[in-house]
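J.: Straight out of TrEMBL:
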type	residues	note
ACT_SITE	ASP121	active site
ACT_SITE	ASP331	active site
DOMAIN	99-452	domain 'Peptidase A1'
Amino acid sequence: MDGTPRGRHGTAATLLTWERKKSGAAATTVLQLKHHSFTATPDEPAARDRYLRRLLAADEARANSLQLHNNNRAAASTTQSRSAEVPLTSGISFQTLNYVTTLGLGGSSGSAATNLTVIVDTGSDLTWVQCKPCSVCYAQRDPLFDPAGSATYAAVRCNASACAASLKAATGTPGSCATTGASNEKCYYALAYGDGSFSRGVLATDTLALGGARLDGFVFGCGLSNRGLFGGTAGLMGLGRTELSLVSQTASRYGGVFSYCLPATTSGDASGSLSLGGDASSYRNTTPVAYTRMIADPAQPPFYFLNVTGAAVGGTPVSAAGLGASNVLIDSGTVITRLAPSVYRAVRAEFTRQFGAAGYQAAPGFSILDTCYDLTGHDEVKVPLLTLRLEGGADVTVDATGMLFVVRKDGSQVCLAMASLSYEDQTPIIGNYQQKNKRVVYDTAGSRLGFADEDCSYV
């Protein structure tokens, strides 16, 4: 066995085949989401082991930071009062398991915008990139954005509404000024993540280029001091829900609707898509889009929540105390899905019962993944699929490529790609690994989330 899994659609269980190495309405904008090959990871087992452990540790830090963010937001609330489409790619070659796309900043009619690769994140609001002159910056693939080279760049001033209430809603902290009371000075932002990552710099506006569309006066963070788990990307695209998110800033053009299709293929030539706007003509879904209610939490304004009312593994329903709980977070920036302990135990038990009955040999756990198998010698395996029943009756079945995480390329260590939260009262998270080969539609105007099966690997 070698390479990566390919799934054939099914609702209960599906055959997962392994590709062997070979020799050779409103306006809509579509951006590309490419999936870089896992061959970008080290081939040597020990090096690959260290590499994947580092990436999964980063994902665990991300999940923990969301729990901390949620707790902090809730505590603060209690204290105060009771269609553009762009390419979307896996960030594996950028040392991150998140998905990345390219946006442009600056330029004018006589000069091109600066293209920057950024992480696509539905759990953040403020879009930011590293900028010159950068006092503290991590290494990135693209050249740093230079505000001095853009004729349309302007710093947001301290007396602007974006510097106060809007920035506080987006980041948890209002903007600051170098001199107290000097309202016409530059507005500085400070964005801190619960895992210790941060971005600090000047809140600014410039022309944003998305595919062939250009949007003037886009508010973003020009990061002058940045540290954290951002790999070699230039920054982050915030697709959250507050005023400063890209979704809100472009609502007059795209109607507050966006969708993505995350690619599962490991081919570096293939890509998924990020569509801004409600025009479904660019979708390639093979099933109708089924919608469920989008839930907002005033204590956690950036995030998108939904209700999960039931679950089944391989067509067999599972029961657990944690099923039916409200406010399950769907997040493009978290990789591995986290389930409440009672739900995870039930899902794992049914998965291992069905998978074990097929005679597959157990293997040691890996990092946060505790249920692994040795599939050496099997060119294809029958994988029980997880189905989530959502409020309103919509069923979402995880694609076969989202059920197993390949640790060893020879198939000797392949793990159930889900993990347990520490406590029942923590927020469950549906991560991007389980969203592959789905068209996921975020309709903020209609307060609904949609799901459909789709082959997201466009060559």
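Note: Cβ is positioned from N, Cα and C throughout, glycine not excepted.
It should be emphasised that the depicted structure is a prediction, and the values quoted were computed from it without experimental measurement.
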J.: Compute the C-alpha separation of ASP121 (active site) from ASP331 (active site), stating it in Å without decimals.
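T.: With distance taken Cα to Cα, ASP331 (active site) is 7 Å from ASP121 (active site).
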J.: To see if you understand the setup: which same-chain residues, six or more apart in sequence, place their Cβ under 8 Å from that of ASP331 (active site)?
T.: LEU66, ASP121, THR122, GLY123, PHE303, TYR304, ILE429, ILE430, GLY431, ASN432
J.: On the 0 to 100 pLDDT scale, where does the domain 'Peptidase A1' (99-452) sit on average?
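T.: Summarising the domain 'Peptidase A1' (99-452) by its mean pLDDT gives 91.
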J.: May I ask you to report the DSSP-based helix, strand or coil state of ASP331 (active site)?
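T.: In the DSSP reduction, ASP331 (active site) maps to coil.
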J.: Can you tell me the three-state DSSP label for ASP121 (active site)?
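T.: Once the DSSP labels are grouped into three classes, ASP121 (active site) ends up as strand.
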